[in-house]
Amino acid sequence: MIRQEKDIKDEIMYGEREIEAGSLICFPNPNINRDYEISIDFPEFTCKCPFSGYPDFATLKIKYQPNTKVIELKAIKLYLNSFREKKISHEEVTNKIIDDFVEVSDPKWMQLEADFNPRGNVHTIIRVCHGKRNNLELSL
């Protein structure tokens, strides 16, 4: 069977279905007796400006020290992609993301940095934190 271009345009794609059905899920921390830090970069975050409707692009940097749960990476990807068509301010989306991550995983400490691409010659970086960071001797 040959699919026509119109059929493809009207069809909900598998990625869209996964994003729509996705939810933040966690798994047990495999090293609960050790303090360690997880860093995740998400360089292709998008949402829409609630005032203009234009797309906003950002790099998200998530760092956290897990408590009893670790957030599953594919779930993070699908969750963050769900903002692609939402009209939401930089400040609101950054705070919503960390609130949702904290609610599902209850980390010891978490920081989210949202580095939005400049628009109109204005560059916005928003940082939000939760909890108290344990001092780790990390060097690479």
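Backbone N, Cα and C define each Cβ position, glycine as well.
Positions annotated as active site, thioimide intermediate by Swiss-Prot: C49. According to Swiss-Prot, the active site, proton donor annotation covers D56, on the basis of sequence analysis. If you look up Swiss-Prot, you'll see I71, E72, L73, H90, E91 marked as substrate binding site.
A map of Swiss-Prot features onto the structure.
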residue: C49; record: active site, thioimide intermediate; DSSP class: coil
residue: D56; record: active site, proton donor; DSSP class: strand
residue: I71; record: substrate binding site; DSSP class: strand
residue: H90; record: substrate binding site; DSSP class: helix
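Cβ environment of C49 (active site, thioimide intermediate): P55, D56, K87, S89 lie under 8 Å away, each six or more residues apart in the same chain. Each of the recorded positions D56, E72, E91 was ranked by the number of other C-beta atoms within 10 Å, and first place falls to D56.
The C-beta environment of L73 (substrate binding site), restricted to residues of the same chain at least 6 apart in sequence and closer than 8 Å, consists of I40.
The number of other Cβ atoms within 10 Å of the Cβ belonging to H90 (substrate binding site), over all protein chains shown, comes to 17.
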